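Here the structure is laid out as structure tokens; the discussion comes afterwards.
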Amino acid sequence: RPQHLSGLEIVRDLCDGKLNGGEIGSTEITFTPGKIKGGTHVADTKTAGSVCLLMQVAMPCVLFAASPSELHLKGGTNAEMAPQIDYTVMVLKPIVEKFNFTFNCDIKKRGYYPQGGGEVVVRMSPVKELSPINLTERGTVTKIYGRAFVAGALPIKLAKDMSSAAVRCIRREIRDLYINIQAVREPDDQAVGTGSGIIIVAETSTGCLLAGSSLGKRGKNSDKVGIEAAEMLLKNLKHGGTVDDSLQDQLIIFMALAKGVSRVKSGPITLHTQTAIHFAEQLTKAKFTVTKSEEEDPNNDTYIIECQGMGMINPNL
């Protein structure tokens, strides 16, 4: 709840908008946008609410601002039920930049559940318009890499255990590929509280990035954390799509705003993606179609998400 409210507030601040009903427990809000101006803005969930979700809501807006933006986002960087900041930097960033924009993400401090306290600074310049993307060729997996981390009171051994367990799990399916999962202890001055987790990324010959990740918590065996992330990665590789389950819904808004036809090949469509498509179509003139991919391989459960984008033009540039 706090992160959803912070998300509404940062968008309000970005565009001098008006927000009524913006409080915890509210069942209805009225939002009236003004002109998106850019500049420096701070959003703080004051909890372990995810900074990545704040970034998700702000990014499409600042792309169409009048001037560059610097967003100081505070909360959880590696939180449950949301992408970890490492996922945002390692997977989302290189793929979403194919829409023809760039952004810089500086992790100042990491924050974990329950107290949060992390801070990320995102810098981004506006664009005239977004280009469509075509992500339909999966290619073959060429490398697998990642990071297993501990912070605060936890020993580095836990990160090494997570990493080893993940590598063993992947090895059962993929034998001939070098797997490099670094075990790291976050520096004390760059992390608030105690946390642990792992993210593993597979890169393909066509530049696709798919990932699996998991977070440690009290009473959860570190081997299990590593295996969970590895199994998630393998599941994402199995369906044959060019994006993983976490990226699928995050691309929808950019496809809707872009000029021209975007095509993405994905695994089974998640409820998040269905919801994103529903609202993108209601709010823009974008038109989406989702069709079962006609594959040579009958084992692959893949779909093509196609979007005729609305071709949003930045009126300020």
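Cβ coordinates come from backbone N, Cα and C, glycine included.
Here's what TrEMBL has on this protein:
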type	residues	note
DOMAIN	1-290	domain 'RNA 3'-terminal phosphate cyclase'
BINDING	Q56	ATP binding site
DOMAIN	136-237	domain 'RNA 3'-terminal phosphate cyclase insert'
ACT_SITE	H272	active site, tele-AMP-histidine intermediate
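The average pLDDT the prediction assigns to the domain 'RNA 3'-terminal phosphate cyclase insert' (136-237) is 97. Geometry remark: the residue listed as 'active site, tele-AMP-histidine intermediate' versus Q56 (ATP binding site), CA distance 13 Å. Break the domain 'RNA 3'-terminal phosphate cyclase insert' (136-237) down by DSSP state and the numbers are 35 helix, 37 strand, 30 coil.
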